[in-house]
Amino acid sequence: RKRPGRKPLAANARKPSPGRKASPARKASPARKASPARKASPARRASPGRKPKATITATGVAVAPPAVVRKPTVVATEPIAKVSPEIKEDPPRRSSRIRASEDKSDKALLGIKSSPPIDKRLSVIIDDAEVSGYLGGKGSPRKSATPNTSQRSNATPTTTERSQMSRSMSVLQEYSDNEDENDFQSFRRTETDNNGLSVRATGMESLRQKLEPVEFGGPFSALLLTLAIPLFMFATNHFCSGAAHRDCRFVLPKNWNEFRSLSTYVNREIATFYGLYLFGVALLTALPIGRVVRLAHETRQDRTYTFNGIVVAVGTGLGVFVAEYCYKFPLLSVVSRGYNQLLVLSILAALVASVLAFLRTRYAEPQQKNHYACTGSVLYDLYAGRDVNPKLLNVFNLKLITYHASIVLGLLFNGIILYRNLHFAALPETLSEAPLQDRLLHAARNVSGEPAPLVAAGLAVLYLLDLLIYEHHMAASFELQQEGYGTQFLLRQAVFPFILTLLPKYVAAHKLTEVPLWALALCALVAFTGLILKRSAQRIKYLYRLDPLGKKVVGLETYPTYQGRRLLVTHAWRYVRQPNYVGEILQSVALLPLLYWRFAVPPLLAALFTVAVLVHRAKRLSARNNAMYDSPWNRYCNTVPYLLVPRVF
């Protein structure tokens, strides 16, 4: 049934639309003019080195690719369009710069892969020339590289590894560009010569240009110091010697006759004694008896030292004993009376020796020269010293002879003060024929003396004996290895025994009986603290310099540098950069509290002079290390920021 209200489909059907009229025909567009025929472009040349790949058929025979057929250009009376020749598409070309970069990376990776394995223990102290050789596959030195401790893989590098390698090489080159290449070259081992080592002149000249003669202020300051140091030492000792200057004060003399007399400066007895003393010290130092230490050096020959300071001191003491008690010659009195004359002779001998050493450097080997004293200025080079380790006849080490003469003379001065302030009781008649042991025991039990002079002279003797007993530690010291043998070194050694003895001599002259025992104990405590600090720091430095891989220094914390050396950051070296100089300074100022009970300016100035010399030497050494190590030294200074006093300086 149909639902009601619904119309049939026929009623809803659409009516047919009327037929559309045909659109009028478009007019034909006028014919375009044909463009003139272009000339045919010449055939492209194939890129050199590229050959068309041959296809291999199923039978295994290589068939050359078909030649490209170019259709000829049709020339008609009516101009027609040009027909382009068919050209086979080449693969996309790669930039020559990209190919060169990839070839360079591949060569570097292949060089690392084929290189022998490197000991990981030495990779942190490897020389920058060796690292560059591994990276470049060559033996010639190149830019310095950061020491690498990672293990290298022998697997074939992928694209990612190649890109990482390229980036790392660029970073290393950018980092090493901040370093001074000449400074590094001066500390590398170079081609062997007659001595096995040779010095790179360019690197040393760079260091010399970087450190112009400013260590001592230049030529004018060197001349001023050459004149000022002798005058200062003569004034401080002259106004504290003799009955006329018992008060030890700087006063303008009313009578200048004493300065016009030649006996004020030198006499025959003192000149004879000093000449024989230097001759005996030179002979004893040249003896092959003592501790032998051999150290390798980067730019100079391996050096061998024979340290026999104790032998020199014992031999000198025996000579004094024989002259005093066997020949009845009052040698101790002669030395005491001629104290100022000995000072003048020491200064004159130092000046003459510096001139002779300067003239001798014309014939010295280049490896032995002090490269911080080759400025061309005669005054400055004479003061700084051109030679570092001069030897006479290859037997007499002039620097050790000068050092021994200074130390033993100071030991003689303070030994005389001790001897004169010790009071021995008279030997009773009952012990006149007793054994020597009983007589010595009786003298030791009945000895007496003034405490202040004994403490002052005793601490000075202890300081000097420590220098002689542990003299072999000098092998790793700045004074023996780097200090030039010039006027400044010789003058410092000449005045050293007089500076050290001035305060004990002043205390002995005035007795200072009112000094309490606690003050003497305080002086002794400061002196022992400085002695322990100096000796422990110097011992660690000596052992590490002698054998960096030895059992005694294993586990020490160090800081690597690009030159293959390491900087100590352990024990006292962790807090200050020169703890051995701190110990020296403490020993130099240990007796200054005694001046509170009787103040005098000359002994105070003598102690401050020693402090100034040590501080200046520490700053010189810091400047040299900064020029040598550059950025590693700056990072080391961030780790150990203080030079001598923590949180102060």
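Here the Cβ of each residue, glycine as well, is placed from N, Cα and C on the backbone.
Features as listed in TrEMBL:
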type     : residues : note
REGION   : 1-114    : region 'Disordered'
COMPBIAS : 20-46    : compositional bias 'Low complexity'
COMPBIAS : 54-77    : compositional bias 'Low complexity'
COMPBIAS : 85-107   : compositional bias 'Basic and acidic residues'
REGION   : 133-192  : region 'Disordered'
COMPBIAS : 143-175  : compositional bias 'Polar residues'
TRANSMEM : 216-235  : transmembrane segment
TRANSMEM : 271-293  : transmembrane segment
TRANSMEM : 305-327  : transmembrane segment
TRANSMEM : 339-359  : transmembrane segment
TRANSMEM : 400-419  : transmembrane segment
TRANSMEM : 451-469  : transmembrane segment
TRANSMEM : 515-533  : transmembrane segment
TRANSMEM : 595-615  : transmembrane segment
Long-range neighbours of the transmembrane segment (451-469), counting only residues six or more past its ends (CB under 8 A):
309-310, 312-313, 407, 410-411, 414-415, 417-418, 421-422, 500-501, 503-504, 507-508, 511-513, 515, 517, 520, 523-524, 527, 531, 535, 587, 590-591, 594
At a Cβ cut-off of 8 Å, and with pairs 6 or more apart in sequence only, do we get at least 3 pairs between the transmembrane segment (339-359) and the transmembrane segment (271-293), yes or no?
yes
Long-range environment of the transmembrane segment (305-327) - Cβ separation under 8 angstroms, sequence gap at least 6:
277, 280-281, 284-285, 287-295, 397, 400, 403-404, 407-408, 411-412, 467-469, 471-472, 474-475, 480
Looking only at the recorded stretches 216-235, 271-293, 400-419, which one has the largest tally of CB-CB distances under 8 Å to the transmembrane segment (595-615)?
216-235
Residues sitting near the transmembrane segment (216-235): Cβ under 8 Å, six or more positions beyond its termini, same chain?
250, 340, 343-344, 347, 351, 377-380, 382-384, 487-488, 491, 495, 498-499, 602, 605, 609
